[in-house]
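A.B. asks: I'd like to ask some things about the structure below.
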Amino acid sequence: MTAGIRTPTATSTQPATDPASGTAADRVADPVGRPGEAAPTTVGTVDTPGTGTVGTAGTPGGPPPARHLLSAADLDLAGAVHVLDTAERLAQAIAGREVPKLPTLRGRTVVNLFFEDSTRTRISFELAAKRLSADVINFSAKGSSVSKGESLKDTALTLQAMGADAVVCRHPSSGAPHRLARWVDGHVVNAGDGTHEHPTQALLDAFTLRRHLAPGVTGRSGLEDRTVVVVGDVLHSRVARSNVLLLSTLGARVVLVAPPTLLPRGFEHWPVEVTYDLDAAVRRADAVMMLRVQRERMEGAFFPTPREYTRHFGLDERRRALLPEHGVVLHPGPMNRGVEITPQVADGNGSVIVEQVANGVLVRMAVLYLLLTGGLDGAR
């Protein structure tokens, strides 16, 4: 069996290739790219640096395990479920231990290469690597040679010379982790590149959703035919792009709710529904994911006033009451309390925002473990 690569289309929310069919789809450029630009093209197999194609290791004629996780599109259905199941197994393995650590990656070095400010993601990756007993180096652009004008390539060559086994990269430029993957022999994980993608955030969101909407499920998605409503600044959101890719791979229905000015070009080709009626969308949702209004990426006026935005696209207690009883509320953080979500909803019943943070450590443990042990292939 060879696990296929899902390529999103405008009319289907299923993987482009059925993992059970024995065939693999050709990898094409991801249409969910940076607004107004083509996404970084990652055509080829895992032997091509800069791609993370998922296949079945050890199968004659099949591709080897993935080297990198650069996009949510690098994971087919089998690969995505494998990551979620591995995160569950790791949670069980450390549960009840006096010291919540495993010796799995002892002797390996993980570098957190962050060119943008981060709290949750950087600390989450650091804790994930340390719980697997890896050595961790935290790199910040401030105070480094980058502040003196050193290029990304020279930084990459320095890390290569030092023998980094894995590099977790966050960068303000879309496609930077793809370039980094061409210059280092170690594994590269995209921790957010510009407005392009944030695949591990999508994985931890899916992990959180599965625990609530399909508790105890393993071996399959558990999100089949569930409806996830994504609300807010889709235009500037790398989280939204990765979630569209991953959730559609896992069989969920994705509904986008945003003002027309905050929807990217080409969204009509995404495997999503689009509506401007938040009340109607919430009524039929299994989960609502609120997105931060990213003012730091806005150079113009995308809506009249914050108050007007909140009135039409904010999640308050009245709208929260429209969500079915089993429904949950997510937010990737950081939150603009009082803009896209009220404090009462963020801290109230059905909010799983704090759980997302905790689950991020488990999911990132799974990603690092699978990449560094050659198991990110949907089969091991």
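Including glycine, each Cβ sits where the backbone N, Cα and C put it.
The following feature annotations were taken from TrEMBL:
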REGION    1-67  region 'Disordered'
COMPBIAS  38-51  compositional bias 'Low complexity'
DOMAIN    67-210  domain 'Aspartate/ornithine carbamoyltransferase carbamoyl-P binding'
BINDING   Arg120, Thr121, Arg170, His198, Gln201, Gly333, Pro334  carbamoyl phosphate binding site
BINDING   Lys148, Arg238, Arg292  L-aspartate binding site
DOMAIN    225-371  domain 'Aspartate/ornithine carbamoyltransferase Asp/Orn-binding'
A.B. asks: Let me know how many other Cβ atoms fall within 10 Å of the Cβ of Pro334 (carbamoyl phosphate binding site).
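C.D. replies: Summing over all protein chains shown, Pro334 (carbamoyl phosphate binding site) has 10 other Cβ atoms within 10 Å.
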A.B. asks: List the residues of the same chain that sit at least 6 positions away from Arg292 (L-aspartate binding site) in sequence and have their Cβ under 8 Å from its Cβ, in sequence order, or write 'none'.
C.D. replies: Gly232, Asp233, Ser237, His331, Pro332, Gly333, Pro334, Met335, Asn336, Glu340
A.B. asks: In this structure, which of the binding-site residues Arg120, Arg170, Arg238 has the fewest other Cβ atoms within 10 Å of its Cβ?
C.D. replies: Arg120
A.B. asks: Using DSSP and three states only, what is His198 (carbamoyl phosphate binding site)?
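C.D. replies: Where His198 (carbamoyl phosphate binding site) sits, the three-state DSSP reduction gives coil.
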A.B. asks: Neighbour count, 10 Å Cβ-Cβ cut-off, for Gln201 (carbamoyl phosphate binding site): what number do you get?
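C.D. replies: Here the count is 27.
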A.B. asks: If you count other C-beta atoms within 10 angstroms, which of the binding-site residues His198, Gly333 is the most crowded?
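C.D. replies: Counting Cβ neighbours within 10 Å, the top one is His198.
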A.B. asks: What residues, ordered by sequence, lie under 8 A Cβ-to-Cβ from Thr121 (carbamoyl phosphate binding site) and sit at least six positions away in the same chain?
C.D. replies: Arg170, Ala191, Gly192, His198, Thr200, Gln201, Gly360
A.B. asks: Taking the center of the Cβ atoms of Arg120, Thr121, Arg170, His198, Gln201, Gly333, Pro334 at the recorded carbamoyl phosphate site, which other residues in this chain have a Cβ no more than 8 Å from that point?
C.D. replies: Ser118, Thr119, Ser124, Ala191, Gly192, Val239, Pro332
A.B. asks: In Å, rounded, how far does the Cα of Arg238 (L-aspartate binding site) sit from the Cα of Arg120 (carbamoyl phosphate binding site)?
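C.D. replies: Their Cα atoms are separated by 15 Å.
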A.B. asks: Does DSSP put Arg120 (carbamoyl phosphate binding site) in a helix, in a strand, or in coil?
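C.D. replies: Looking at the DSSP assignment, Arg120 (carbamoyl phosphate binding site) belongs to a helix.
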